[in-house]
């Protein structure tokens, strides 16, 4: 590392120039990376709902469907609007009553099932099908144009409309997230650093890995809007420590007599920083990569982007930040102020004196909070938490109030089933509690009427690729117990006629989401803990320390995830998985820092009590500054975001940062102190103090 450090310092200006030039392709990559606004599309391909979606897409060309409610329009006006919508690029077809019977005939001549589907007093319903999938740019552009040509009292509902509104909302808020995260992080850095210029230099330095990270996402094709919204905040929060460590080490090295020049001081600082941040970053990266083992591919999306962000953060801290610090060295030293975050003076003594009591408190809190965490309610229907003033939410409400449609089930059965069976099957499904109506080709054609006498356009909608399509409208919301039981009953009915039948639509997609994420939670938790356990074991060559450090961190996670139960808060389904791995990966840095300093003080032949006291005192400024910076980056976003998913995740991350700091400063030292004999016996080359030699 000595040669590399000297190379970095010697050619720092050229390295900075290259770094600046690399921003250009990164910015281009950023603007050419697609964003996915449909979370349900991340379900595993083998899920029943996803198989059904594939059939709808390839065989029926029903990649996505929207429901258009029009109010107080005459039939002629509806036909005129329908024609305008059908001409929009991206719209495949608009289905309405005139596809069955011309508007010159009274609507009473339409089959009763179809009447209920299309009319409700002065309102009528059109079914809009799109050429591409739910969240494709073409579909969302088409939806935006539909809104333009529609009257004020017309509303488009369905998953595509919700995805388009989610896109608009996310795009309008993401910049705000970045600004408030940066501003609040700057405030914390000003409180924790003596230099008034250093926080600005840090933010400038952080811009490089963040832009690189977003630019290199182009190799993934597209990322989720959740990843897009959280990546910058998390990268800022997780990797800011590295910049702080390099500055502190550089300032420390400049004071040493043997370092006669700033260049020499920076060389030593880079070497020390590299050793320190690589060990801590590996644990953070491991935590993020654990998300890649989720069946729900959203986990891999977040995991890869964030792991990549940490790697780029380390690289830029080692290669780019030294140049910035040396360019602005005079300003950093010249403009200083008093800090508010200092070494803790009284707390270390308190922890040493009351170690047993603090550990007992930790155990007493852990048990009930573990119960609370296990019983926190979760929601899987992300659309229900979007702002009610969005047009798609108004459309969804119109569908519910006027047509008793909360969700729509798309049922696919073999086209070998005769008309009689389809009608019988439809009747049984319609009799299931919560089903408002079932629409099938056979329902309004009639068993005695040859299909050739009916418009082929209608038949194409309901029969294709070896399947017949039935559309069942449910009174229940997606992802509720009532709807999931309803789907089970539909499966029971279908098994009597076609054991290979498929159900898809928002309800079934949400049901598969629940099943998938329940399994994911167990797998990811075990893998993330195991990965970090192994890394700590290798780092310290110890059997006891991995248990101690992981337990201290898990205490913080359990408290954080248990609080929503006490406040009667319902969390988004991915909260437990994402927060657990991120908090574990970030908090372990604090634990390693504390433990490393404890070992260092023991090696100076200090008693274990004195060593832990000094370790708390010396590491507390770094831990508190880092934790508060993490808190600041997330809390502002949680307060301003109108998307409950983003707001909830950021609130949990912010609170988790503070709880982690408290756990590492109060509980971990108590565990290290009381478990010192066990650590000595199970750790290779652990310093043995004089007091232990005579015990």
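Note that Cβ sites are derived from N, Cα and C of the backbone, with glycine treated the same way.
Bear in mind that the values here come from a model prediction, so they are computed numbers and not experimental data.
Summarising the annotation, TrEMBL assigns transmembrane segment to 175-193, 200-220, 226-248, 269-296, 302-328, 357-376, 523-540, 547-567, 573-598, 619-640, 652-675. If you look up TrEMBL, you'll see 527-674 marked as domain 'SSD'.
For the transmembrane segment (357-376), same-chain residues at least 6 beyond its ends with a Cβ under 8 Å from one of its own Cβ atoms are 351, 555, 558-559, 561-566, 569-571, 576, 663, 666-667, 670-671, 674. Listed by sequence, the residues of this chain that lie at least six past the ends of the transmembrane segment (523-540) yet keep a Cβ under 8 A from its Cβ atoms are 279, 282-283, 286-287, 289-291, 293-294, 299, 546-547, 549-550, 554, 577, 580-581, 584-585, 588, 592, 595, 599, 683. Below 8 angstroms of C-beta separation, residues 19, 22-23, 25-30, 32-33, 182, 185-186, 189, 231-232, 235-236, 239-240, 243-244, 247, 301, 304-305, 308-309, 312-313, 315-317, 320-321, 324-325, 328, 332 of the same chain, each at least six residues beyond the ends of the transmembrane segment (200-220), sit close to that stretch. For the domain 'SSD' (527-674), residue counts in helix, strand and coil come to 130 helix, 3 strand, 15 coil, using DSSP. Each residue in the domain 'SSD' (527-674) has a pLDDT score, and their mean in this model is 92.
Tertiary proximity for the transmembrane segment (175-193) is limited to same-chain residues at least six positions away from its ends with a CB under 8 Å from its CB atoms, namely 199-200, 202-203, 229, 232-233, 236-237, 240, 244, 247, 337, 339-341, 621, 624-625, 628-629, 631-637, 640-641, 646. Counted as Cβ pairs under 8 Å, contacts with the transmembrane segment (226-248) are highest for 302-328 among 302-328, 547-567, 573-598, 619-640, 652-675.
Counting Cβ pairs under 8 Å to the transmembrane segment (547-567), the stretch among 302-328, 619-640, 652-675 with the most such contacts is 652-675. Distant neighbours of the transmembrane segment (652-675): 234, 237, 344, 347-348, 351-352, 355-356, 358-359, 362, 544, 548-549, 551-553, 555-557, 559-561, 563, 571, 575, 579, 582-583, 586-587, 590-591, 594-595, 598, 608-609, 612, 615-616, 620, 623-624, 627-628, 630-632, 634-635, 638; these residues of the same chain sit at least 6 beyond its ends, with a Cβ under 8 Å from one of its Cβ atoms.
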